[in-house]
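Per TrEMBL, S-adenosyl-L-methionine binding site is recorded for G36, G37, H38, D55, Y82, D106, Q113. What TrEMBL lists as region 'Disordered' is 289-317.
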Amino acid sequence: MTSPLHIPVMLERCVELLAPVATSECFIIDCTLGLGGHSAALLQRLPHVTVLGIDRDPAALQRASARLAEFGSRFVPIHATYDAVAEVAANYVAESGKQCRGILFDLGVSSMQLDFVERGFAYAQDAPLDMRMDQSTGITAAELLASSSAAELTQLFKRYGDEPLASRYAAAIVAARETTPLTRSTELVEVLQEATPAKMKNLRHPAKRVFQALRVAVNDELTVLAAAIPNALQALAVGGRIVVMAYQSHEDKIVKNAFAQVSRDRTPAGLPQQLPEFAPAFKLLTRGAEQASAAEQETNPRSIPVRLRAAEKVRET
């Protein structure tokens with residue numbers, strides 16, 4: 001039985017937004033392939049479209065490719081970080097002659113990565129403090145904890161986790177590692193629990209925001225996203241659509257600002273009419289950010305924080 005964790009978030013809305021641009025002459029890029037839930041739905045419901053699935057995690061690519069094998073050449077797996085979306089699109093345009101008419105981002109840690117305990121994403125289970133989405137490259141969370149100063153950890157927990165006890169937790173980590181290196185999730189959780197004031201222990205799990213911050217930092221998620229969204233906007237053909245689902249305020253702010261830049265009129269003040277070269281390159285398809293329905297939030301808790309934004313390219317830039 002599929003658990004709520006494996007239900008693709010806002011699936012119907014994503015398909016609804018991308019369906020109008022799907023033809024046999026186009027392809028859609030799923031920039032966050034994961035288990036392939038969104039890609040599977042697009043391939044099933046849009047029978048003429050090709051889907052390119054990007055993931056930085058080789059294990060995710062292998063698992064999703066097996067799941068989507070029934071679609072043959074209509075599914076193309078790509079091992080890359082999603083800021084390479086423009087290059088991926090250009091290469092496939094040159095290879096196939098088709099246009100990129102749809103791009104989808106479902107941001108955050110994938111269900112599969114949460115399921116694999118050894119990745120260390122989940123604070124509720126003991127595992128090595130790794131947290132890399134691609135385990136073939138980069139530093140682990142344990143290495144980051146060992147090499148960062150208290151000031152650096154404080155900034156990291158504040159910036160990426162909005163953690164109000166950031167400085168307190170950072171000091172506790174630095175003190176603890178002088179005795180024993182923190183290499184496992186349970187060791188870090190114990191340090192955080194001991195550093196949490198008694199009056200705050202029942203408010204939320206002390207590790208939630210710290211683990212989020214470490215994951216974002218280890219994978220450089222916000223830097224990659226800040227490059228990925230403009231690259232995706234560039235990659236789309238005129239008439240193409242982009243759909244982005246963000247789970248953190250930091251992510252949503254990046255998406256919101258990028259969409260605002262390309263959807264505003266740039267005609268200089270004082271001119272009597274809008275000039276074509278200054279017209280918006282995109283039109284927004286959502287009024288602000290959309291949320292999952294109350295029914296979906298009840299059946300799929302992972303959808304509770306999601307914020308969906310979408311836009312359509314109306315002219316070349």
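Note: Cβ is positioned from N, Cα and C throughout, glycine not excepted.
Here the structure is a predicted model, which means the values were calculated and not measured.
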Other C-beta atoms that fall within 10 angstroms of the C-beta of D106 (S-adenosyl-L-methionine binding site): 24
DSSP three-state assignment for D55 (S-adenosyl-L-methionine binding site): strand
Assigned element (helix, strand, coil) containing D106 (S-adenosyl-L-methionine binding site), judged by DSSP: strand
Secondary structure composition of the region 'Disordered' (289-317) [DSSP: H/G/I, E/B, coil]: 9 helix, 8 strand, 12 coil
DSSP three-state assignment (helix, strand or coil) for H38 (S-adenosyl-L-methionine binding site): helix
Cβ packing number for G36 (S-adenosyl-L-methionine binding site), 10 Å threshold: 28
DSSP three-state assignment (helix, strand or coil) for Y82 (S-adenosyl-L-methionine binding site): helix
